[in-house]
């Protein structure tokens with residue numbers, strides 16, 4: 001049975017509509033798992049402030065004073081540093097390679113956590129968080145590019161969500177450990193997490209596309225053999241890679257910045273930027289960074305630390321649901337479901353906090369914030385959490401993938417910084433209800449953005465996606481009606 005959502009959005013509820021068969025080679029799974037362990041570290045450090053600030057601001061535990069303003073900077077400086085890391089990461093993945101850039105973040109991740117763990121003043125914590133954020137920015141840019149360039153189309157959706165799954169495990173580990181560890185011990189745990197990632201990253205190869213871009217055909221062939229299996233015939237794929245690179249070289253200009261603003265490149269860049277905007281302005285990082293405080297403010301009858309653990313568990317399992325569904329239903333259907341779930345729950349949360357502030361009495365509804373948060377996290381983790389990152393690695397053209405991904409990542413972290421740094425001020429100015437209703441209204445706009453502009457990429461090779469985005473191949477007669485400017 002199929003549902004027609006748009007000309008490019010066909011969904012099968014039994015098997016993939018185009019009969020694609022997954023090809024999970026051990027080497028592809030190992031490559032995806034290796035880089036995804038970096039995402040586990042990212043998830044842990046991103047969630048760190050939620051449990052850590054509680055003990056960090058307790059003068060009986062901490063030998064130095066952490067004011068409310070300083071505490072907001074402990075949470076807010078990481079996305080600001082990630083913005084800088086995102087800008088830096090674009091040139092790095094082009095010159096050093098995707099794998100080498102990811103690997104280079106491992107030791108700084110360890111050092112930054114040790115700096116926080118051994119801190120004797122707020123400045124040391126802020127320096128550690130800044131270095132952490134800088135590495136997070138580089139990693140969040142590099143991971144989807146690496147996976148997009150190494151995984152086959154049949155498994156790119158499933159294995160491409162592994163970073164999100166392990167990132168959510170990192171968040172869950174942080175929540176669970178934070179319920180019985182103080183901020184210093186939690187940071188020591190954070191310093192240990194990058195070690196397995198560091199070891200495994202040494203084993204896997206660079207992406208074949210990067211080798212082709214560097215004119216290293218033989219090394220590209222060896223990388224493909226490693227990824228596809230020794231018995232696989234990689235010559236057709238290598239030939240397609242080299243042809244795609246030749247096409248890109250013919251159309252390229254000397255100035256990379258000018259390339260970004262060419263009409264054909266601006267279209268996928270704008271779509272990717274839009275997805276990142278609606279991802280962050282759904283309010284997700286305000287929820288993650290300030291979960292404990294939000295539950296306290298709501299007067300929830302459930303222990304706040306237990307609440308965060310429950311949210312983390314839901315986040316984890318929702319991502320695995322996404323892994324199962326993404327190559328069956330496609331990207332757009334999951335984005336629709338995600339957006340609708342967030343709109344409904346944010347509206348209800350806004351209503352709860354409005355009644356709490358202005359009446360009637362809702363003290364007997366202490367379970368409601370947790371229920372809404374669970375559904376909100378479930379919806380976000382199914383779609384708007386992982387898919388913007390996955391699609392960034394899919395729809396950006398090969399020739400500008402590094403600098404374009406840098407722009408998109410920096411923009412994402414800028415939005416993250418704005419949301420996390422202003423969330424507390426926003427709740428003061430508008431009330432918690434106003435903040436949640438504002439995020440809900442933005443989600444409504446995001447739903448229309450997905451319907452109108454976002455293409456479906458399920459089962460397509462990166463070369464096919466690029467050709468269609470550039471308009472180099474004819475579309476089906478239905479799609480050629482082109483009711484929307486960015487239709488694919």
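Backbone N, Cα and C define each Cβ position, glycine as well.
Judged by Swiss-Prot topology annotation, residue 63 lies across the membrane from residue 467.
Swiss-Prot assigns the feature transmembrane segment to residues 333-353, out of the candidate ranges 228-248, 333-353.
The candidates are 23, 182; Swiss-Prot tags 182 with the feature N-linked glycosylation site. Contact between the transmembrane segment (161-181) and the transmembrane segment (333-353) is not supported: fewer than 3 Cβ pairs lie under 8 Å, counting only residues 6 or more apart in sequence.
Three or more CB pairs closer than 8 A are found between the transmembrane segment (106-126) and the transmembrane segment (29-49), so contact between the two stretches is assigned (pairs 6 or more residues apart).
Spatially close to residue 182 (N-linked glycosylation site) yet at least six residues away along the chain are 55, 61, judged by Cβ distances under 8 angstroms.
Annotation note: residue 182 (N-linked glycosylation site) sits in a coil segment as assigned by DSSP. Most Cβ pairs within less than 8 Å of the transmembrane segment (29-49), among stretches 185-205, 269-289, 373-393, 403-423, belong to 185-205.
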